[in-house]
Amino acid sequence: EWPETGRLALYLLGLRATCPPLEPGPQRSLVTWLKYYLEEDWAGSRQHGHPLTSYYQYSLGVLALCVHHKRVREEVIRRLLAAEHHGRFGHAGGSAVDTEAVAALAFACLERERTVGARLAAELRAAARRVRRRMVEGQGRDGFFGNVYSTPWAMQVFIAMDACRMQPAYSRAMAALLENLDAFTTAATTAQVLPVLHGRSYLDIASMRCQEELDTLTPLGPELPPEMPGNVTVRLVVECPEPRCPQHRLYDRPVPAPAGASLLDVLRAAAVRGPHNFTFDTQDTPQGPFLSRVLGLEARQQKRSYWQLLTAPSTSLQMGIADYRPHDGETLILRLSEW
């Protein structure tokens, strides 16, 4: 089966943050599985020189092991160091900020835990500083590092390295974040932004004193978005590059939908319209539904392909299909891309 590196890493980070009972059996088993996934993730794709999943998931795995005070093999660490050194974190059509940030958090955690030698610790410290410097240099005019969703990851790097007070870039990012908190609508994105709002990073989970933590969690019912009167018409386009698809544009139709509908609702509306059949499938992820297949064409992680979401002519959407709400007359493009 495909390694579940990222999902299991996030689960273990969340588990540690909730102060689980002092019965280590089940938790130890999950940590063992994560170590296994990390090895499978890399060993299964030696010929390509990158993890089977992604450097983002691989970095999450290293970070989760470190937060759980587990020693990480030097070879595993050096794979990430080499990727950072050679600039391998980027992918087509998107920012590498989130991947670089998670890797830098893993580097900072490994150095802080003091489970590595002095030479490797110095390399980790230098790599984390390089990542932080690139973030400052690449900060957008809007204050974001990459986009609104990668910004909390980047800000955690400044917090973990105790560098937020001396960096004006951090203050600009915080101001931008506070103006866009309504973008964080899923449990996964909220979990990334909440620590930053309290001046914390995921590294602070490692030093939590659980016996002093108060149980203040209370369940809240989901808030449904208000219904909006009227309808919108969205032009839906599906593109697939050659040579996989000789006919580059596979679908191009106007799709009416209720005002305030999400992109997922638009896709459902297109699927029930005829005579031009439109089909799609989704896969559940911690970040919400992920578009996995359109018109029978599957985005396969093994092939490093995904369905890129754009608004015409070429602006990548910064939200998932369940969160983005198209405007009337907007053209939305589903493009099969590689990363």
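Cβ atoms here come from the backbone N, Cα and C positions, even for glycine.
Matching TrEMBL disulfide entries to the candidates Cys66, Cys164 identifies the partner of Cys109 as Cys66.
It is 20 Å from the Cα atom of Thr53 (cyanocob(III)alamin binding site) to that of Cys66 (disulfide bond). Counting every protein chain shown, the number of other Cβ atoms lying within 10 Å of the Cβ of Cys109 (disulfide bond) is 26. In sequence order, Leu291, Ser292, Val294, Ala299, Leu334, Arg335, Leu336, Ser337 are the residues near Trp307 (cyanocob(III)alamin binding site), counting only same-chain partners six or more apart with C-beta under 8 A.
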